[in-house]
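TrEMBL annotations:
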- 1107-1122: compositional bias 'Acidic residues' (COMPBIAS)
- 1196-1209: compositional bias 'Low complexity' (COMPBIAS)
- 1254-1311: domain 'CBS' (DOMAIN)
- 1-18: signal peptide (SIGNAL)
- 597-615: transmembrane segment (TRANSMEM)
- 635-660: transmembrane segment (TRANSMEM)
- 756-779: transmembrane segment (TRANSMEM)
- 791-810: transmembrane segment (TRANSMEM)
- 846-867: transmembrane segment (TRANSMEM)
- 975-993: transmembrane segment (TRANSMEM)
- 999-1023: transmembrane segment (TRANSMEM)
- 1035-1062: transmembrane segment (TRANSMEM)
Amino acid sequence: MKRTTLIGAAVSVALCCALNSNSNSNSNSARLLRTRSLRATSERSDLYEIPGVEKVKNKGLPWWWKWVWGLPLTQGGEPGEPLQLGDSLRVFKANIEQIYGGGESFDGAPLAEGDIAGLADGTLYLGMHEYALRFGPVYKLCFGPKSFIVVSDHNVAKRVLRENSRCYDKGVLAEILEDIMGKGLIPADPVTWKQRRRAIVPAFHRRWLERMTTMFAEKTDELCARLAKTTEAVDVEERVGSLALDIIGSAVFNYEFGSVDRVSPVVQAAVDTLREAEHRSVTPAPYWKIPGATYVVPRQVAFRSNMNLLNAELNKCVAAALLDRNEADIEQLERRDYETMENPSLLRFLVDARGEQASNKQLRDDLMTMLIAGHETTASALTWCIFELAQQPDLLRRVREEVDEACGDSIPSSLADVESLQLVRLCVAESLRMYPQPPLLIRRALDFDSLPPIDDDHPETRLARATDLFIAVYTIHRSPRYWEHPDTFDPTRFLRPFKNPDIPNWAGFDPARWLGSSLYPNELASDFAFLPFGGGARKGMRRALSRFASWWHPEEPEFAEQETLDGTVDYSAAAELAGAARKRRRREEERVRYECAILVAVTVAVLGTGIELSISKLSAWKFSAVEIMTRHGMYLKAGAVLCGFAAFCGLIAGATVVVFEPRAKGSGIPEIKTYLNGVAVHRVIAERTLVAKFVGIVFSVSGGLLCGKEGPMVHIGAIVGAIVSQGRFETLARRMHAPRVASHKFLRCAAEKLELIAIGTACGVSSAFGSPVGGVLFMIEEALSSWKRRLFFRATFAATLNCFAIVLLLTRFRTRKGKWTKLKFRGMAVFHDFDDDVRDYDATGLLFLSVLVGALVGLWGAAFVYANKRLTIWRARFFNESSSSSSSSKTARFAEVLLVSLCTALAAYVPAVSFDWCRKIDNPAPDGLKTKYAKRFQCDDDEYNEFATLALSSLSDAIAALFHQAASHAFSVQALACFMVYASVFTCVTYGLSVPSGLFIPSILNGATFGRLFAVLVLPLVFPNDSMNNQGHKVRSLAVAGGIAGLAATTRMTVSIVMIFASTIDDGAHLVPILVASLASKLAGDIFNEGLYDVHIHLNHYRFMEDDPPEKEDRDDDDDDDDSRRNGSIQAHVASQSTLACVPCRNASYKALLEVLQTPHHAFPVLDDDTGIYLGLVSRDQLCVVLHQATPQPPSSLSTSSSSEGSWGQPPPPRLAAVDADTRDFFPHFPRRGDLPPLSAVGEDAVLDLSPFVNRSALVVTPETNARYVWRLFRDLGLRHLPVVDSKRRVVGIVTRKDLLHAYDEPPRARKPLPPVVIDHSDISYTIDTGRGSGGSTSSRGINLAPHSTGIV
């Protein structure tokens, strides 16, 4: 058992490290290249016209040689351009002229010559190691016309992989692996790699890692049990490879290969595939690309067979995962119980992640990469580790003792166990040093570059464009220049520092750089002399995979569902300098703003026209077909057509939400309202949501669901505004006005983006109702938290243009003749004008009745909101939307959409044809206005079906019928009462259904129905002597009042909907009645609850800030300060998380800034270097951009001030300068901490002057500031952070939006106490009390925390 336990320990530890090989090095393409050409055009000519060739007159070359290289096909690209065929041909030309023409070498590297047997037997790296011993750490290796520069020096590796990584891609490796791994993590281009990295990194969270470590133990235990019974010789590599394959199959695919129990053909196929890749890397001509080669050449036939086998297995896994996809957000996926999940695989996470719509092929490429690279590196590392341990009995005994002490007879089954096995981990690391995976790294130069000199015998090496490189990792790891006794297996070497004085530019190996921060040594600890899995910027994926081997700390909330927006203006020196440079372009910028507003207005009008025309065509076909069938007595057939059409449209509308984009659900107004309040709701303004909203609302309304298209138009307008503001799509990142980036760059900030989103909402309302003023008032009353006069005028201009555009388009496409000049339609929802005689009304009586109708409808609205709230809560529980959803949940949501669609159709059709609703048409008007909306159905020619007129018409036509049917008895009490119940129930059920749906028109319909029903019942009692004509006018007027009251009852808006309503009926005479009705409805509803949009904001747990903080009674807390409770002051000195990080202003250490960025905060107070007083604020985004753009400052430009001088006799520390650090160049995807240059590339002592980037005008408050005033500052000014300073301008804390919301929670949220955090940076340290435990408490009116000291990091 001891032996099997030892093997299990080694396996668990090795597997924690092995998956790192899935992304073994950095690569970038020419599209990300920033030209760093080290050669001018004159130097480029050295490659194209080699001096040596001229001297020997191309001796040995044919006469046509020079003529061929003058053809356009053979010309290379310019510096900074993508590589072309001519660049590769020029490298081929230089090699031929050097070898056969006697020309001089452009690169300066010695040409390796000799026996190539060691290069062709499958051990390419061993042959290169022998060549390195003969020719040095840099030489050229040629295979016919193909050549490679082979390097085995740490400084050169650091140059290629880290310092100038943008100048290189994976070249021939990507070409070779493309047939195998497609666009997997290793060969992927940078754009695809970045997208897949963002999708895969969150999967390696702590809960999943703990579960996988347990699974490692279980799988290893099975192998150990089999080995314990074996008496014959065992092929260790095959057995361990089979184990690794089984583990990867379960962890990544949830697939049982069963290769431990039997000889696995999949393992052999993966090994043979890797060998084919190595063969192709050294083959001069890609003969495998010849058509038919894979069917003729035996080697390629075997390769095709192996790939078919691997693809078949992976396609099964992908298909099985997609079959029961359970879509959920990242946070929900991380909260899953992986211990009890049936399928806790990585593939399950990738498929279920909401918003990650990877194709089957992309998933297959990702899996192929992990399968081939992951299992092979694990098997190799473990095999060599076991081999070396078998050669050293004493070391093996020590390893056994460590395993026995840490785990006893069990196998390590948790991350804590892995952490305790230091010697085992070091053995795995040492095996990776002696037998690295991979032993070679392949790169290709994208532009001219110069490799640093190594010594006097190996000066600078020049690289031309398209030059291929081999980084000989095996040679570096076996070099005595970097390692003592490099051929000896000594795991403890990683605990001892080592420095070779013969290599002055090598920092040596320092154990302190990895001990305590990681479980394994890395390239930084060895200054790129240890590259077990490569190095460079693209090892970011490797770091994510290394969470198997280190404790996970979230660096940035990249995948947070809600991110707070910063709507303030940056007044730092750098920003002011940029602003001063733009003063001459103020007029141009204002012109660009109006251009964007025009584009938003026209685009929304076009989309609205498309929606309206589509709905009109589909609805007209449906209703006409049903009415014709009922006239001919085909009731069952008509009902079947109606139900079938409703089911078909419902399923399409449901698919847009359930399958395509969940954010398209509902009207979208709560989400847009939250976004404009300062909370970036994930994917709410993505183009996928726009597509889903457009398609979904067409089929929702056409199918007959009780929903409107007006609310979704607001959401559509907001998305269009967001896209236009940034000139890009939210997820596709396509530039719309790339040629004019300079003139549009000022738009790329949160404040400008929010303004255009607000304009889009106004245009959405204007398109829906043909009311520009109503749209602007809606933007102010309901959408915006704060507004400016400039925005008001621009929004009015855009809404007016939008209204004109949609009227023009609807007139053109809705009239048969299609005349553009005669405007006829006002918007998507129009209820037509009233007659002149209806405009005269009894002011006293009608106003009183309007108030009464409004109040009663307000009570109905309160009940409606309550019922919808309870239904939404039940839906969330039943469909499990608040946690990780299941396949049954998705099916159930589809079933609900189908059921509601069918029930809506049946509830409208069955009563219409089952009862006698026929009424005579009285006094038909010549223009047909009053009989236009009457539906005959089964009634006689001079009759109409009153229930069908309401239930089997479009919602707008039903409202118009209620408004314009003049006779008071046009609709009976029974018909109005039945329809009121029908409309109320199905409107409540539909809003919150998994389809795009609006609330405006259904609310008006319900209110108008109630208003007309009230009029029919009450008017004969109040005005018994009225003529039939006057009574009809009053009935219609109360229907109008009820309609506006219904909208006010559900939304709790007043002024904006009054203007919207007045525009739809074109009647200013009824302005007062509808105004008083809306006010009465809102006041009555507010007694019981809030509007439906606000209810859904709270149900979705959005961090929405109301106009004023909620009123709460004081609690009798012992820890509350009496003065604070009495005057409502906010005594805060902590940030919203666990530490408060401050940075110095003029001499900020690069190392310390990287430490600061490890915290989850989004802004950092900047303090004076000498006095420690508060100077201003710098945001995380600004700081990341500054560090990303920072470059070493030339010594001649260094300041001679005392602040830049070093200590006595010491040179000043190197300084960095960020010349181009404008955040607008990166908005909204700023660099993250993982994208920043590593400390080794910059220097331990590098410092940076942050003073140009400090926002010295950032608002601050004192601890005595009233909490309600702080709330108003956050809401009205769009703040994200608010520093708190004392009377001496010393920082005592930062208040964030989340702090305020937590402080005013009712009931208060339970907070887990956190201990004080101490961060030590050599001689500078600070201690921050988190204020979440006994050291502080949250009062009912603010945040009261005990004071504590703050230092600079």
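Glycine is treated like the rest: Cβ placed from N, Cα and C.
TrEMBL annotations: computationally assigned, not manually curated.
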Three-state composition of the domain 'CBS' (1254-1311), taking helix and strand from DSSP:
18 helix, 14 strand, 26 coil
Mind checking which residues reach the transmembrane segment (975-993)? Cβ under 8 Å, same chain, six or more beyond either end.
654, 665-667, 705-707, 860, 864, 867-868, 871-872, 875, 896-897, 900, 903-904, 907-908, 911, 917, 946-947, 950-951, 999, 1002-1003, 1005-1006, 1009-1010, 1012-1013, 1016, 1092, 1096
Using a Cβ cut-off of under 8 Å, list the residues of the same chain at least 6 residues beyond the transmembrane segment (791-810) that approach it.
593-594, 597-598, 600-602, 604-606, 608-609, 612-613, 755, 758-759, 762-763, 765-767, 770-773, 775-776, 779-780, 820, 823-828
Checking 597-615, 635-660, 756-779, 999-1023 against the transmembrane segment (846-867) for Cβ pairs under 8 Å, the most are found for 999-1023
Which of 635-660, 756-779, 1035-1062 contacts the transmembrane segment (597-615) most, counting Cβ pairs under 8 Å
756-779
With a Cβ cut-off under 8 Å, give me the same-chain residues at least six positions beyond the ends of the transmembrane segment (1035-1062) that come close to it.
765, 769, 771, 773-775, 777-778, 780-782, 834, 838, 841, 846, 849-850, 853-854, 857-858, 860-862, 864-865, 959, 962-966, 968, 999-1000, 1003-1012, 1014-1016, 1019, 1068, 1070-1071, 1073-1075, 1077-1082, 1084-1086, 1090-1094
Do any residues of this chain, six or more beyond the ends of the transmembrane segment (756-779), have a C-beta under 8 angstroms from a C-beta of it, and if so which?
596-597, 600-601, 604-605, 607-608, 672, 675-676, 685, 709-710, 713-722, 724-725, 747, 787, 791-792, 794-796, 798-800, 802-803, 806-807, 825-830, 1000, 1053, 1055-1057, 1059-1060, 1062-1064
Under 8 Å between C-beta atoms and at least six residues away from its ends: which parts of the chain pack against the transmembrane segment (999-1023)?
667, 669, 706-711, 768, 829, 845, 849, 852-853, 856-857, 860-861, 864, 950, 955-956, 958-959, 962-963, 968-969, 971-973, 976-977, 979-980, 983-984, 987, 990-991, 1030-1031, 1034-1036, 1038-1047, 1049-1051, 1061, 1081, 1092
Looking only at the domain 'CBS' (1254-1311), what is the mean pLDDT?
78
